[in-house]
Each structure stands twice: as C-alpha cells, then as structure tokens.
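Notes follow the structure.
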Amino acid sequence: MAIHPTVSFAPPEQPPAAAPPLSSIERVEAWTVSQAADVLAATSISSPTPAERPVRGTVDAIDIPLDESLQAEQPPRPKRGNVHTVYKRREPIRRDSQRRREALLKGKEGSRQRRRWENDRLLSNPYAQPPLPSDWQVQPTYPRHAVPYFLAPLWDAEYARSSSERKKKMDEAKSPASKEEADAKKVTQELRAKLKKSRGAKGLLQDLEEEVRGFVTQWDEKQRQLEQEGLIDPD
C-alpha cells in the first residue's frame, strides 16, 4: 500500500495592503490637530488667585475674545477724483425758497434797497459792535436813582418844587401881557372856531382880509401926505 502526499493548491496568503503615503498637507494637519489637543489638555481656563500663583511653565493661559466679533478688514475704498465739467450742475427751479426770499430782501448790488439793508445791519460801519448781554435785559430806559428810604421825603419835595416852577413858567409864557391882548386873542379864537364850522368861511375871511389891507394902505398914504406937508415929524 503506497502513501502519496497530498498537495494543496490554495492561494498563498497575501500580506495586508500598505496604506497610501500621506501628503505633506495631511501630515501638517494631523500634526497641528494633535499638538492643539495636547496643549488644550494641559491648559486650564480658570484664572488663578493672586495668593496662589502657578509655577512658570505649568499653565498656559489663552485669551479668547467671546464678546468681540471678528471683523474682516476691508480694503480702503479708492478716492474719487473731482470731475471737472464745462457746465455746473443746475439746481432745481423752485417757485419759493429761502435763498430767493433773502435775495429779494437784500436787493441788487448797488441799489437803494441793498444800501438800506446794509445800513439797517451796520455792515458798512467800522465802529459797530455786537450787543452785550446787558442790552437784552428788560429794564427801563429812563435813568434810575437809588434813593435811601430816609431821604425819600426830601427827594419828593425837590421834585415837587421843580415841577411847580416849570408849570409856572409855562403859564407865564402862555398868558398875554395885557388885558386888551387877552380880549383880542379871545375874539380871534372865537372867530376862528366859527369860521371853521361855517360853510362860507373862505369867502368871508377873504373879504375881511381885503378890508384890513385897504385900511392899512389908506393909513400909510395919509401918513406920507402929512409928512410931506410938515404937519408930522418923521420918526
């Protein structure tokens, strides 16, 4: 009896496939992530008290701005240059505006209205001064005299005497010098009042004036004749 060895034709076991090599960017990212994880694991966010100061090199503090939002820096906008054109920009035509009212109030240059406007505002006066705060206060324009209380009766007596003297002088100036002048003045006043109310005042007054003028001319001629005859000495 012969024994023959059996040969199995099973496929040989293949080694596991090797992973593809990592690129430089992936290796940097993996190293950065691992380093950040190690740093975060070794750090503590709690702030130490001033009494217990940590040993240098054991704790790394990280400042994270939670309230401030990150703003991306925008590039500055380019400045626009002035565009010079032949024609200026026309303003909209308005029927009524404040500028038009001021122009109408001032008037044209050199006109009488413009001169009046400048004189009212003292524009051409080199000695003009702006009003003071005291000028805007409400106070009387007449002079005020601060008189003590115990001198008030004397002050009143002085004012009463001066006012009586002034009134007496005015009455003396109005009163006529004699009784005849007073009667003549009274007659003329009565006649003037009647002539104002009468309808034919103009003709009546003209007739009276002609009679008076005729009497005066006759009196002058008579006086000249007497002087020529030598009956009256010339003054």
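Every residue, even glycine, has its Cβ placed from backbone N, Cα and C.
The model shown is predicted, which means the values in this text are computed figures rather than measured ones.
Quick look at what TrEMBL lists:
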REGION    1-23  region 'Disordered'
REGION    43-136  region 'Disordered'
COMPBIAS  88-121  compositional bias 'Basic and acidic residues'
DOMAIN    90-197  domain 'R3H-associated N-terminal'
REGION    161-188  region 'Disordered'
COMPBIAS  163-188  compositional bias 'Basic and acidic residues'
For the compositional bias 'Basic and acidic residues' (88-121), jot down how many residues DSSP puts in helix, in strand and in coil. 18 helix, 0 strand, 16 coil
Secondary structure content of the region 'Disordered' (161-188), with strand meaning DSSP E or B: 24 helix, 0 strand, 4 coil
